[in-house]
């Protein structure tokens, strides 16, 4: 019996064996990502794909200043509203910035035909040449070119008129028929603007044009229209009962435009030879101009970012990330960040069998921790770590490139559709944005899932690599660890890590230690059986004595009557 108790004590007080564990890196990162199956997974490393910051300013784009219209609208600028004279010196720009409620537009009330289409055309123009298409003094010798002014277009307290148009009126009591043509020799598209006056009464018609019935005809190879003034009393706008309707056309190089009229023509004075540039545009913004330079401009402010997506604003000019409605697009590049809990011990489930990562391993993603008589320490597996880094880096770069290529192509297609259809329905725009957002989010979710699975697989592969080397020279003790059946010094540990472990060298020692441990287990089982019997008998005796004592006490105080019948 004494021998058996001695064996039990030996089993309970066995010394710590040499161990090696497979694990992964952990740190103090609080980055979280979403996957297809999980939300807010904490990871060691990740990259943000969504830009949500701007500077709140209007900036130059690649060193080129925008054309800031200030209090003028596109209409006021291009027609030549007298209050917009300061803009006439601007010959080129990176984009056009217009305020939401511009004061100076069409100073004389009337309808601007195809105004939205004109804005669309000007949005792709980065510079123009403003030139006299019909010089004021020499083009209209039989008509008055100075009396056509109005208080509605006053400038510095005096009646005036548009700086790019001429209001032709009677001269010396007559308004002769006119015919004027222009041949576009600019080798560029030329924007030509004109107007047709609609008086409020016949008296004004006779006074200004000396006839009751008049017409205006404008003809080119792509434009053919005849206008008849509509004389009618109208509500006053800017103290005017009359109206001027404004028209425009684009004249191709070599094409000719012909104006014929016998009254009511608001003639072109200046025209514009257009130079189109990729990346120009028109934005409506209250942001102020600043001395800054950027690659991307939105109505909210400038963005300086190389990220593929942004949620600042759907309207962008320049080299901009694609707009999506997402609030978070973060792609994982590292591992699940689950630092090991001290109460569980050092090792401890990224791959399903390891409970936590190691903050002590800082030079790699996957690696080892060993413990022997010479001490303990961490060592990263550089090969598997570097292969993983290369693979994930290439994948992230490829995905970003695919995202940019995909959405840029879609963006170009929509721009073409906008010109053909003139206006995209807002619901259609919203639908496309939803598709872009869904595609971006789904792609990130799928790739995050794949990356985390990839890390799991790498840890498992490292574990299987060690297991296949050690075979039965060590036993699996859980949490990614192995306990050696033999002494394993630092040289031995290094051989396991680099894949050169000599299994036969340690087989005999392992076999002997394994047999000893198995013997101890068998002896221990016998001892445990004896202890179990003793424990059962002792417990029964204690129970019987307790019951007897209680019965005696109850009989003595009359709570329990005992009768013996013979």
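Cβ atoms here come from the backbone N, Cα and C positions, even for glycine.
These numbers come from a predicted model, not from an experiment.
The stretch that Swiss-Prot tags with transmembrane segment, taken from the ranges 509-529, 530-550, is 530-550.
Checking 28, 557 against Swiss-Prot, you find N-linked glycosylation site recorded for 28. Taken residue by residue with DSSP, residue 488 (disulfide bond) is part of neither helix nor strand, so it is coil. Neighbour counts were taken as the number of other C-beta atoms within 10 angstroms of each residue's C-beta; across the disulfide-bonded residues 320, 492, the minimum falls on 492. The distance from the Cα of residue 320 (disulfide bond) to the Cα of residue 84 (disulfide bond) comes to 31 Å.
In the three-state DSSP scheme, residue 107 (disulfide bond) falls into the coil class.
Cβ-based crowding with a 10 Å cutoff singles out 488 as the top-ranked of the disulfide-bonded residues 72, 292, 488. Cβ-based neighbour count (10 Å, all protein chains) for residue 84 (disulfide bond) stands at 24.
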